[in-house]
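K.L.:
Structure provided below as structure tokens; questions to follow.
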Amino acid sequence: MTKIANIKAREVLDSRGNPTVEADVILEDGTLGRACAPSGASTGSREALELRDGDASRYLGKGVRKAVEAINGQIRDALLGKDAADQRSLDQIMIDLDGTENKANLGANAILAVSLAAAKAAAVSLGKPLYEHIADVNGTSGKFSMPVPMMNILNGGEHADNNVDIQEFMVQPVSVNSFGEALRVGAEIFHSLKKVLKAQGLNTAVGDEGGFAPNLPSNEAALAAIKEAVEKAGYELGKDVTLALDCASSEFYKDGQYQLSGEGKSFDSEGFADYLSGLCDRYPIVSIEDGMDESDWDGWKVLTDKLGSKVQLVGDDLFVTNTKILKQGIEKGIGNSILIKFNQIGSLTETLDAIKMAQDAGYTAVISHRSGETEDTTIADLAVATCAGQIKTGSLCRSDRVAKYNQLLRIEEALEGKAPYRGLSEIKGQG
């Protein structure tokens, strides 16, 4: 029933107007599963390879015809007649077919699109919602939770054309009892922030992930604006709402220094750890992502020793959803959380393996979108299915972001109280 009858792929556009891969997996019973691969802007150097054409005459060289051809040719031939419900076997066939450490032959974007489309097709054929099927694949059948959203309401760094160095300033509604209420709180704060910025004569255009992207005198000015917005929305910062940062430090780490060009400051690893610690002293920041460069493991150790007992320290560029790298981090006591991005590793199976490794080691796993997104909502189901407890999927604006939030609303409704929203206790160091 769940045997694969056909696979086909096409070039579609992501939220930045760049091509990405969409794959259809059709089963013998006629069931269709469809999925798109996302794409990042600030990428870790050890991520699986996103295959692009490099043909300057099309899409500025960013076309993905090679990846589409890989799906319509080699991948299709290898998977026809295989069981879409056997996720691990399907993914392993594609990994072996590629034959490289970083999926450089077929492309992580090609393999991932097929991997997710197969999972969707199997779920439909088996008469199950996607989150239920992913939980079955994960060996955690029947266990679900709703994630705390990290809402990126103010953008800087590679996600915006402004002078703010830190890439993401996020709010987390933690005092409510449901995801639906958390979404409402986030939306109210988002609209409040727009009014705060307008009152200061600042630009209210949005960045790649739907957050506002004004020019500000410092990173702390961004935090101050969010604090004012939270309070004007009627909430208490530190009680109802906590803050999270994504520094994306690799983007401003040069010659052994963390260079905050927007502020005209430069720090060594110890100094930057002190800078971040100071922000945490002045604001209720409970999570910091990529607080050090991906290659600065000594700096990561300094940061972990300084803040790791009270702040969630999330490795994104550091770990790139890769179990081999995560294992090293766990052994060395680096960070205490991992950001999970499907396309950093390139298959559903490997993504689930990374989440399990993190959770078994007492690390949290934060499910994440990419800055280049589509209408695909698979990460919403993944967050619920793995009881990850946290999700990053942008601001309360742009359909590519809101699509994931709306899917979570549907899932919460369908589960009728069987997926608790645990709030602050989901965040490492807070529960």
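Every residue, even glycine, has its Cβ placed from backbone N, Cα and C.
Among the features that Swiss-Prot reports, (2R)-2-phosphoglycerate binding site is placed at Q167, K341, R370, S371, K392, with the record citing sequence analysis. Marked as active site, proton donor by Swiss-Prot: E209. As annotated by Swiss-Prot, Mg(2+) binding site applies to D246, E289, D316, with the evidence given as sequence analysis. According to Swiss-Prot, the feature active site, proton acceptor maps to K341.
Can you walk me through where each of these features ends up in the structure?
P.N.:
In the three-state DSSP classification, K392 ((2R)-2-phosphoglycerate binding site) falls within a strand.
E209 (active site, proton donor) falls outside any helix or strand according to DSSP and counts as coil.
If you take the C-beta of E289 (Mg(2+) binding site) and look for same-chain residues 6 or more apart in sequence within under 8 angstroms, you find E168, A244, L245, D246, C247, A248, V314, G315, D316, L339, V366.
A coil conformation is recorded for K341 ((2R)-2-phosphoglycerate binding site) in the three-state DSSP classification, outside any helix or strand. Neighbour list (K341 ((2R)-2-phosphoglycerate binding site), Cβ cut-off 8 Å, at least 6 residues apart, same chain): P38, G40, D316, V320, T321, S368, H369, R370.
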K.L.:
Given the Mg(2+) site residues D246, E289, D316, which other residues of that chain have a Cβ within 8 Å of the mean position of their Cβ atoms, reported in sequence order?
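P.N.:
Checked against the 8 Å cutoff, the neighbours are Q167, E168, L245, C247, A248, I288, D290, V314, D317, L339, S368, K392.
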K.L.:
The record lists Q167, K341, R370, S371, K392 as binding (2R)-2-phosphoglycerate. What's the largest Cα to Cα distance among them, in Å, rounded to a whole number?
P.N.:
17
K.L.:
For each of Q167, S371, count the other CB atoms within 10 A of its CB; which of these binding-site residues has the top count?
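P.N.:
Counting Cβ neighbours within 10 Å, the top one is Q167.
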K.L.:
For E209 (active site, proton donor) and S371 ((2R)-2-phosphoglycerate binding site), what Cα-Cα distance in Å is obtained after rounding to a whole number?
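P.N.:
The separation of the Cα atoms works out to 6 Å.
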